[in-house]
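Undergrad: I grabbed these lines from Swiss-Prot:
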REGION    1-69  region 'Disordered'
MOD_RES   SER12  phosphoserine
MOD_RES   SER26  phosphoserine
MOD_RES   SER28  phosphoserine
COMPBIAS  37-61  compositional bias 'Pro residues'
COILED    72-161  coiled coil
REGION    138-247  region 'Disordered'
COMPBIAS  138-159  compositional bias 'Basic and acidic residues'
COMPBIAS  169-188  compositional bias 'Basic and acidic residues'
COILED    263-396  coiled coil
COILED    427-518  coiled coil
REGION    472-497  region 'Disordered'
REGION    509-550  region 'Disordered'
COMPBIAS  530-550  compositional bias 'Acidic residues'
MOD_RES   SER537  phosphoserine
Amino acid sequence: MSHGPSPRLAESPQLSKGSLLTILGSPSPERMGPADSLPPTPPSGTPSPGPPPALPLPPAPALLADGDWESREELRLRELEEARARAAQMEKTMRRWSDCTANWREKWSKVRAERNRAREEVRQLRQRLDALTKELAGARRERQEAQGECEARGRELARLRGARGVADQTRDGPEPEAEREPVRDVGSERPPGSQELELVESLLKSMPEESEDCWEARSLGAGGPRGSSGRQERSRLPWEDTAATEEEASKLTALRLRLDESQKVLLKEREDKLALSRNIEKLEGELSQWKIKYEELSKTKQEMLKQLSILKEAHQDELGRMSEDLEDELGARSSMDRKMAELRGEMERLQAENAAEWGRRERLETEKLGLERENKKLRAQVGDLEEALARRRRQTASALDCDLRASQAALFEKNKELADLKHVHGKLKKQFQEKVAELAHANRRVEQHEAEVKKLRLRVEELKKELAQAEDELDEAHNQARKLQRSLDEQTEQSENLQVQLEHLQSRLRRQQQNAPLFGKIRSARFGTEEAEDGTSDLDEDEDLQIQVA
């Protein structure tokens, strides 16, 4: 619907007198009614000297419309300034929100970097622990190998001693003779091989002297009063002497063979003894090396325990810092919740203001409709005035000019008022459009704020989930550290048990080394008593000396 003026009213100020007369000359019968309300004119053709009749004035709301519109414009401008201030405040709050989110991101990046650092340290500790466990396993294997070698050496020693005892028993079995006296440890400073050789040589030297003494004693005992019997015996003596010399020669050859065998056995036993001494020295060197390695392992273990304690302290410090950061974040989260509540209140207030703006808009529309109705009334009044002027022009030709001028002036004023009203209406329309655009912009901003608030809520939930994951990972790291500590304690206990076993083996080896000469002495004493009871020869002393050497 167009609200512009009608062309008849728009062109009314430019109408000439003739046109007005023609218009007034042909009045319509429908508009003749209101002429009765006009004052009567004089019957003569001359106009009355009095003032022209008063024209009907517009209603009071039309006169007071300008003041109302100015006050309304001031109110609208004030509301516009308030809306702009609110929009600036909202922008400031959104900037603060963006700064808060940036700070949160920085804090979470720091927390993630610290978490990655802690994971890297835990991984390095695991690698070091694996390397230490491998070294401990290698040390255990080497220790077990050393124990196996020690046991094998012990078995070899026992086997050699058993073989030597069996050889001694086999040597002692076929000989019927026994020693006269048990051999004692005389001249222990000399080597046992030289003592045995000297004993065998003395035995060989004493045997021919004894045979010569026996021969002289026999020859002296034969010279008696019985000469005939002596002569008979002299014929027997060469045969007996030859038999005795043959027996003694066979005994000497047997003794020499036994001497050679005993020398060979002594050489073999010396070589075995040297090899055993070398093996024992080698084992002692290996034991010293194992002791050094064990000390190094204990030192490395102490260092690892120190490092673990340092890492535990650092981890506890980091946990304290992380708990403080979490408390700060909880405080920031509570402040963010408060800000969210404030923003919600502000959004509700903006929604209420938006509703009020919509109410104002409806009121403006109603006022606009009222103005349009007033315009229609004014147009109707203008039409009535024109009809009244036409009737008066028809009634009084003399007062036509005055009435025409007055009506033209009134029409001009009315047109002027209508133009002012149109101008004000255009301004109000522009302001209304601006308000509508601002309201649409405010609605878009509110929707953007709501979307950003939703994004922030989602981000807060994601941060909560990441925080829970970080706490779970920290708990897993604690559990793994406890497991590693438990495994380290078990390994230390196993290493202590192995050390105790190694000390027991060393003490057993020392006892065996100390008991070896005592065992030889006991053997020699036992064999000496048995030979003294049997009355054996000096050849068994050689065997006792061999047993003592063993």
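A Cβ is built for glycine as well, from the same backbone N, Cα and C atoms used for every other residue.
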Undergrad: Within the coiled coil (427-518) only, compute the mean pLDDT.
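TA: Mean pLDDT across the coiled coil (427-518) comes out at 88.
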Undergrad: Six or more residues out from either end of the compositional bias 'Basic and acidic residues' (138-159), which same-chain residues have a Cβ under 8 Å from its Cβ atoms?
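TA: For the compositional bias 'Basic and acidic residues' (138-159), the nonlocal Cβ contacts are 276, 279-280, 283, 286-287, 290, 293-294, 297, 494, 498, 501-502, 505, 509, 512.
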Undergrad: Just give the helix, strand and coil counts over the compositional bias 'Basic and acidic residues' (138-159), going by DSSP.
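TA: The breakdown for the compositional bias 'Basic and acidic residues' (138-159) reads 22 helix, 0 strand, 0 coil.
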Undergrad: Report the DSSP secondary-structure composition of the region 'Disordered' (472-497) as helix, strand and coil residue counts.
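TA: Output for the region 'Disordered' (472-497) reads 26 helix, 0 strand, 0 coil.
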